[in-house]
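Peer 1: Could you have a look at this structure, given as structure tokens, before my questions?
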Amino acid sequence: MGQTVTTPLSLTLEHWGDVQRIASNQSVGVKKRRWVTFCSAEWPTFGVGWPQDGTFNLDIILQVKSKVFSPGPHGHPDQVPYIVTWEAIAYEPPPWVKPFVSPKLSLSPTAPILPSGPSTQPPPRSALYPAFTPSIKPRPSKPQVLSDDGGPLIDLLTEDPPPYGEQGPSSPDGDGDREEATSTSEIPAPSPMVSRLRGKRDPPAADSTTSRAFPLRLGGNGQLQYWPFSSSDLYNWKNNNPSFSEDPGKLTALIESVLTTHQPTWDDCQQLLGTLLTGEEKQRVLLEARKAVRGNDGRPTQLPNEVNSAFPLERPDWDYTTPEGRNHLVLYRQLLLAGLQNAGRSPTNLAKVKGITQGPNESPSAFLERLKEAYRRYTPYDPEDPGQETNVSMSFIWQSAPAIGRKLERLEDLKSKTLGDLVREAEKIFNKRETPEEREERIRRETEEKEERRRAGDEQREKERDRRRQREMSKLLATVVTGQRQDRQGGERRRPQLDKDQCAYCKEKGHWAKDCPKKPRGPRGPRPQTSLLTLDDQGGQGQEPPPEPRITLTVGGQPVTFLVDTGAQHSVLTQNPGPLSDRSAWVQGATGGKRYRWTTDRKVHLATGKVTHSFLHVPDCPYPLLGRDLLTKLKAQIHFEGSGAQVVGPKGQPLQVLTLGIEDEYRLHETSTEPDVSLGSTWLSDFPQAWAETGGMGLAVRQAPLIIPLKATSTPVSIQQYPMSHEARLGIKPHIQRLLDQGILVPCQSPWNTPLLPVKKPGTNDYRPVQDLREVNKRVEDIHPTVPNPYNLLSGLPPSHQWYTVLDLKDAFFCLRLHPTSQPLFAFEWRDPGMGISGQLTWTRLPQGFKNSPTLFDEALHRDLADFRIQHPDLILLQYVDDILLAATSELDCQQGTRALLQTLGDLGYRASAKKAQICQKQVKYLGYLLREGQRWLTEARKETVMGQPVPKTPRQLREFLGTAGFCRLWIPGFAEMAAPLYPLTKTGTLFSWGPDQQKAYQEIKQALLTAPALGLPDLTKPFELFVDEKQGYAKGVLTQKLGPWRRPVAYLSKKLDPVAAGWPPCLRMVAAIAVLTKDAGKLTMGQPLVILAPHAVEALVKQPPDRWLSNARMTHYQAMLLDTDRVQFGPVVALNPATLLPLPEEGAPHDCLEILAETHGTRPDLTDQPIPDADHTWYTDGSSFLQEGQRKAGAAVTTETEVIWAGALPAGTSAQRAELIALTQALKMAEGKRLNVYTDSRYAFATAHIHGEIYRRRGLLTSEGREIKNKSEILALLKALFLPKRLSIIHCLGHQKGDSAEARGNRLADQAAREAAIKTPPDTSTLLIEDSTPYTPAYFHYTETDLKKLRDLGATYNQSKGYWVFQGKPVMPDQFVFELLDSLHRLTHLGYQKMKALLDRGESPYYMLNRDKTLQYVADSCTVCAQVNASKAKIGAGVRVRGHRPGTHWEIDFTEVKPGLYGYKYLLVFVDTFSGWVEAFPTKRETARVVSKKLLEEIFPRFGMPQVLGSDNGPAFTSQVSQSVADLLGIDWKLHCAYRPQSSGQVERINRTIKETLTKLTLAAGTRDWVLLLPLALYRARNTPGPHGLTPYEILYGAPPPLVNFHDPDMSELTNSPSLQAHLQALQTVQREIWKPLAEAYRDRLDQPVIPHPFRIGDSVWVRRHQTKNLEPRWKGPYTVLLTTPTALKVDGISAWIHAAHVKAATTPPIKPSWRVQRSQNPLKIRLTRGAP
């Protein structure tokens, strides 16, 4: 027997319970694993002599403690609880440690201690450290601080203090001071650390009757000492640690350490909290701490006395020299720590945890600590809890670096790995990773290799092209030279043939040319130049350009250098220009002819005009050719000069081609604005800081960095960089480098990433970087846009200010800084090995493309220029984002204001563009307008943009045109009316049909734009006049201001009225037009007085509007807007010029609007609401609608006072209003040609007939939203019936009257009759044969011989006088007429045979239909539409599945999905043995052929042998080439079942259901979602469930039931003896003989049973089911012809797969019957009748 060595570490582990109790007394917690790790691995590395087995030496422990408590990054806060516990064990050793601890030495005290004796003077008191006078009672000379049982509330006071050198407060007694000085003078002053250590071991002085509440320390022999907080400590703690709101865990750990080591009093705790926490944080901590107070029962209490006693908010009177006072203080600290922990717990936010990802250079252990800290901070879960280990492990895997996470996911047996195992694996992967230097070297090497390969490939292709062209050119030269020789010599002369040994040079025999002595040797001379075209003259990529004359154009966004060839009929492109058209042309060249294709039309914008051209694509041509076709369109001129040919435009300018967006096209037509001559010399030199050319990049010095707030639910988005061409990357590289040098771009690492888009600048090869920030914009909070509206911005510019300065700020957004917390939002990917950049870059300034950038910059610039506006009130300063306009009344004021503005902009840090500046001019361009002399014009560039657009061919092109022209609508009178035919074509889903009306509107808009007048700038000091006119629902007007005796137009306004207003009479439409245009004009007038002039006296209409036309809401709106006399006034009635909308010199004929409206009555002028004296009839109408037994019944009636004239039931669901309209309409129809008084109690019917009917008709029976009104058909019928009576009076009466007047009696009778009629059975509206419809005329019946034979068999009689047969009293309809009638009815309804038969029987047709039922059946069966949609009723008999003859020979396979799955398992691969029913199931992560093959070879084959047959559905994992190849190699017959026929795989499909049902029950019973763990139990049930023969799969396979133990039988002796191996073998032999063979015979007998085949034969036409139908798609497709059949499946023409018979139905082919058809002819007055197939 050996002996074990006891070490301090092993001793603590053996008494681990005591160690945890001691740690708990210190208010800390320790873990055994970390205890061992720190003792054996961490602390020995500190270099203080700590052994790996631990020690109880206090000197070594204190040195380790000083290392642990080191401030800054060198400290180890996580090790504080463990070293504190070690110190407590060593300082006050428990019994099992005392034999290993050396005895303590008694040292004299050197530190200040508590007064030990009574003092004659009271101690001084301070606000921070109060003094307490305890009650006089006997106490021991040595106060016992620690109890004998080592209670948990006292050990907290035994911690060592930090090494503070400050001395405690001196005694207030002078004698005491002298005595202390004497004592200290005798002993040399040691270091502060030694003083503190010795002080803990010195005996205490005599008892004191007065104690001070100072931070306490327990020295040697129970002596109490005080060590106050120093201001430097508090300062360092506050500044070297994050705030509580930022990182509550770290600050809580600091406070816990301070409470443990410094032992502060109640006042010190308040000082500490007040320093480290804000007021709100402190209140929250105190509240949470008071919630943690526990009562006597150990549960949290809310009793105020207990809460205040344990955790007081005011200074308590605790005496710290007594155990009771110190226990109160310890409890207070514990509650304070609990409050800190509870207050620091953030709301649950798993998104924050998910956002913690591993950094590129972060170790897995450090990442795990950050992840655990996030769990503690943002979730209520403890990451150290074993129950949460799975969640933490998954987060660790998924949020690790991609390279580490992917490898961790592929670990074998992942679910059995602990978190420590995953960290160790991650550490291995991390340590083997590629360093940044190695990665950069690899990228550089790969780039060089790729570039070398590309260069070698280019050179090889170049050589190959040179050789090919050399051969072609040689052939061409040989052909030319031979032709020339033939022409000179007049015939063909061949070179004489040489002999085998004859020299080709000297023609002598005996040697060859290479050995000829007469052949000159030496270096070869220069090649003679030829005038013919050689290979060196050909142009291509990387070669010299074509010879002169040449011109470079941009085609398809790429510059192409053309050779100007006036001999070429068509222009030619050699490179692939994009899509080619179907047209082609035959090109004849020197080497033969060939056909080439044309390109599609290319739109080219030139300074000379717009050209749309199609080029000829000839790849074999040496150069791109500019032929006569394009030269003609360009109107090019070729001048031959001494230096060569020059190609210019019609005006002598060089030809240039640009491609740009249509919104910027007007810039092409603008004349270049040259900077002022004085700008370069004076303005640039005087204000260098204001210009971008001299001052560099701007920076708004007064604006703080911007913080971009995100939406609450936003998460980082990462989009990969789009592929970028080499040319584009080189184009934006200088811009990226420039922005990096200026500090606008900086490298970063961010979870956000958006792609960078290179945009080519028009007409150049330069690119500019544009970032796609659409996804970022979706996740950023929206702010209200405050950017000024260009529509009314110039309204603030008075016409008196006619000197202007326009400044365009350069890179305006880059002047605003971004806060560092918001910079990661705009990160993008950029790699440049040459610059050493490979990663992400982000913006430090406000980026372009961000949705809030214009608003943020506009607001910032407005704030910065606010002082300038105040200091210069005489100047007008307009700002639209980065475009600034300064206006003054004189040139001098403009110059002075411009200087002040430039100085201000330079001081503020903004930079203007000197190239675009317009300084002190009387005519400037601003926001696309031309400003001059107080007026604004459309620039010619804007006009040319609209004029140059081609005729739109798509809705998008039309919207572009209307948008461009709509910008100029203020200059176009009646723009809304002109563009009215165009707007309907822009709607989505509308057919784009460009007709004459659209072409006319298109031309009118262009023509109006050419004649656009100059508009005056609004002068807000003068009143405005608005001339309004209305025509056909369109409001038109012109806003003017007086300029002397003239009226100067300010804006032309136009708008379309809404559908309700468009249906009013003309005078009311004028009111609506004035209201609409007044609202639009208010945007320009800014609330200034407005005088309205119109051809109608509308003021009286507005004050007293007619109630029958306007609703109350609309009337109130109009009156509130137009009767505001302070702002709106009405002028006299004027006649307007329809062209200019200005008043005519002569006055028009006046009219009274109120009189006209009064005359505008209903549809019938003589309609009245007073009874007619000489009426022929006086009737009463009523409609009724009510609910009875859950069904709405309705009826209508017309009565007199005493009798019912008409009453009828209406269809179910009819409303009361509709019934009233029907009753009134019926009365008017019956009184046709007579004088009628009709009474109705319906306000709706009365108002419709008198008022609203005409209003509805005028506006097209539409509501204000443009929808159809209710009861449209009934209203139209009523309006039509109003004209039937000779005279008419519709009178309204009260309903449900009780009097005895004639009116009351008639109304009651009408109401009663309507209710009685409603109760009756309503007419069947679904009846197909309508009685009112015109029937067939029997005289036109034509009977065939077959019809006559059937009629004679029926016994029908022939009516000689009428010419038709009669049967059962009805005319007999011939078979052909019956077929046409029933076929038409079926095409209207597509009802089935039974329903159509029932409706025909119910309809009581006046004719007897010959062979009706048979014809009806044929019509329903032969309908193609019904065959494609209706479901099939055909049923196929059940088939028989083929089974194996023994276990393991025939398997069925299937995948089934089981969600949710842990560890990535979400599929289940199921194998079923068809013979025994034995089930094997394997959880998988993917549904692939690789998984199927792997399980087949590794699981099925080793255990059951090689299968002979496999059956499965047509899933991709089974039909894959991998699966089929494995089956072919192994000789397995793989049978694929019919698609969408689960019954074909019925056995495995049924077992899938059984397994999933069992798993569901097991998960519910076990309370877990890990179905993989419960799968064996589900398989056990499936394998032991009896089959159709009463045997379980286990019994069939093993010959006995599974071994079970009866736990209820106490006698286990019978189960202890197991049978021998021989007995098992005999049993299996018996099973094979007695079970397997009969079972196989039973399966074979089922196969021999006859199967009822399907009715389809070869050659039949069938419809095939469409299994995946889309919206409104027919259910069946076809018909198809059957090619092959089996008892259960078919193969049809056009579909490669076999189709199960249950998925088809027969297609009935209707016979071709001759019938008459009507066809159109070229002559509109003629039609053609043909007889043929229907």
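Please read every residue number as a count from 1 along the shown chain.
Note that Cβ sites are derived from N, Cα and C of the backbone, with glycine treated the same way.
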Peer 1: Would you identify which residue of Asp772, Asp782, Asp808 Swiss-Prot lists as part of the Mg(2+) 1 site it also attributes to Asp882, Asp883?
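Peer 2: It is Asp808, as the record lists it for that site.
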Peer 1: Of the candidates Asp1080, Asp1311, Asp1347, which does Swiss-Prot annotate as part of the Mg(2+) 2 site that also includes Asp1182, Glu1220, Asp1241?
Peer 2: Asp1311
Peer 1: When you get a sec, could you say which of 74-114, 894-934, 1386-1426 is annotated zinc finger by Swiss-Prot?
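Peer 2: Zinc finger, as annotated by Swiss-Prot, spans 1386-1426.
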Peer 1: With Swiss-Prot as the source, identify the stretch among 303-320, 501-518, 681-698, 789-806 annotated zinc finger.
Peer 2: 501-518
Peer 1: Under Swiss-Prot, which of the candidate ranges 128-132, 1068-1072, 1573-1577 is annotated motif 'LYPX(n)L motif'?
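Peer 2: So the range that Swiss-Prot calls motif 'LYPX(n)L motif' is 128-132.
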Peer 1: For the region 'Interaction with host PIAS4' (344-392), DSSP counts of helix, strand and coil?
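Peer 2: Final tally across the stretch: 27 helix, 0 strand, 22 coil.
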Peer 1: Could you tally the C-beta atoms, other than its own, that fall within 10 angstroms of the C-beta of Asp1454 (Mg(2+) 3 binding site)?
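Peer 2: Here the count is 23.
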Peer 1: Relative to the Cβ position of Asp1513 (Mg(2+) 3 binding site), how many further Cβ atoms are located within 10 Å?
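Peer 2: For Asp1513 (Mg(2+) 3 binding site), the count of other Cβ atoms within 10 Å is 22.
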Peer 1: Mind checking how the region 'Interaction with host UBE2I' (429-434) divides into helix, strand and coil residues in DSSP?
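Peer 2: So the region 'Interaction with host UBE2I' (429-434) is made up of 3 helix, 0 strand, 3 coil.
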